[in-house]
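This report refers to the structure that appears directly beneath it.
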Amino acid sequence: MARKKIALIGSGMIGGTLAHMIGLKELGDVVLFDIEEGMPQGKALDIAESSPVDGFDVSLTGANVYEAIEGADVVIVTAGVARKPGMSRDDLLGINLKVMEQVGAGIKKYASSAFVICITNPLDAMVWALQKFSGLPKQKVVGMAGVLDSARFRYFLSKEFKVSVKDVTAFVLGGHGDSMVPLVRYSTVGGISLPDLVKMGWTTQEKIDQIIQRVRNGGAEIVGLLKTGSAFYAPAASAISMAEAYLKDIKRVVPVATYLSGEYGVKDTYVGVPVVLGAGGVERVIEIDLDKKERSAFEQSVNAVKKLCEACIAIAPCLK
């Protein structure tokens, strides 16, 4: 049986990390694409030369033309401008929307059967635009945000409680931005809910609130520390987990930016909610009960995403 083909659009820090992780997991053959000549070829060769040491057998190639992604089973899109200190994800909209138009056309022509994972910011608006530009089925085009935001939430909680990250479950709803909604009520440590852990005296509500704010500021915190770039290890790992769920039909329950057509009372918008991810792409959107406060925060987040989509339409009326 032929190996799966995974195309990576954008060969920056996330793209290179994705390629290496795919090789280590032997998920499939890799095509690194970038408009900058030499960049994808150099990274592909460098990673390929590590394969005898790490003991993996996959093909890694670099390319500057979209023909190279033809027939890809999975396409992961990281192309675009990354944040710099002082910038919000929303500041990238105008530049990265034009990139999504080009990428969407390339996917539409050469990889129309692929499962597409978008990482480019501002995430929710970019994946919404990418689906429209590519014309691919909505359940086959998703955004990577919730897995990353939830991983940050889980990590910070594990540090607070001094327990293994494996025993912490948590997830984040809404857009990938300052209005994201970390759900405390649905988050657990060893099956014990966070509100119960507060009652048990393991932590305080004040500390939980501080963690929530740190989750919302997670990307900016790393941008501020790096100064010349943004996060790439955790975003890449998050996207790989999604690609693996699709390629191996694992039926993972994960939060992703997916198209909503009435779920949660939201229509024609991509926003982060829990889904079942398998060989059919988004196979099911999971609607959880939200209390009044959670619902209000979620609606605020959705409205922030809708404003970004309206800004996209103002730039590219064809998206309407």
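In case you wondered, yes, glycine gets a Cβ from its N, Cα and C as well.
Computed from a predicted structure; not experimentally measured.
Residues or ranges marked as active site, proton acceptor in Swiss-Prot (evidence: sequence analysis): His176. Residues or ranges marked as NAD(+) binding site by Swiss-Prot on the basis of sequence analysis: Gly10, Ser11, Gly12, Met13, Ile14, Gly15, Asp34, Asn96, Ile119, Thr120, Asn121. Per Swiss-Prot, the feature substrate binding site maps to Arg83, Arg89, Asn121, Arg152.
The structure, with features from Swiss-Prot marked on it.
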residue : record                 : Cβ contacts under 8 Å, 6 or more apart
Gly10   : NAD(+) binding site    : Phe33, Asp34, Val77, Thr78, Ala79, Gly80, Thr120
Gly12   : NAD(+) binding site    : Asp34, Thr78, Ala82, Phe232
Ile14   : NAD(+) binding site    : Thr78, Ile119, Phe232, Pro235, Ala236, Ala239
Arg152  : substrate binding site : Arg214, Val215, Gly218, Ala234
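Of the recorded positions Arg83, His176, His176 has the largest number of other Cβ atoms within 10 Å of its own Cβ. A simple way to gauge crowding: the CB of Ile119 (NAD(+) binding site) has 27 other CB atoms within 10 angstroms, across all the protein chains here. There are 27 other Cβ atoms within 10 Å of the Cβ belonging to Asn121 (NAD(+) binding site). Across the fold, the C-alpha of Arg83 (substrate binding site) and the C-alpha of Asn121 (NAD(+) binding site) stand 9 Å from each other.
Across Gly10, Ser11, Gly12, Met13, Ile14, Gly15, Asp34, Asn96, Ile119, Thr120, Asn121, which the record gives as binding NAD(+), the greatest C-alpha separation is 17 Å. Straight-line distance linking the Cα atoms of Asn121 (NAD(+) binding site) and His176 (active site, proton acceptor), rounded to a whole number, equals 9 Å.
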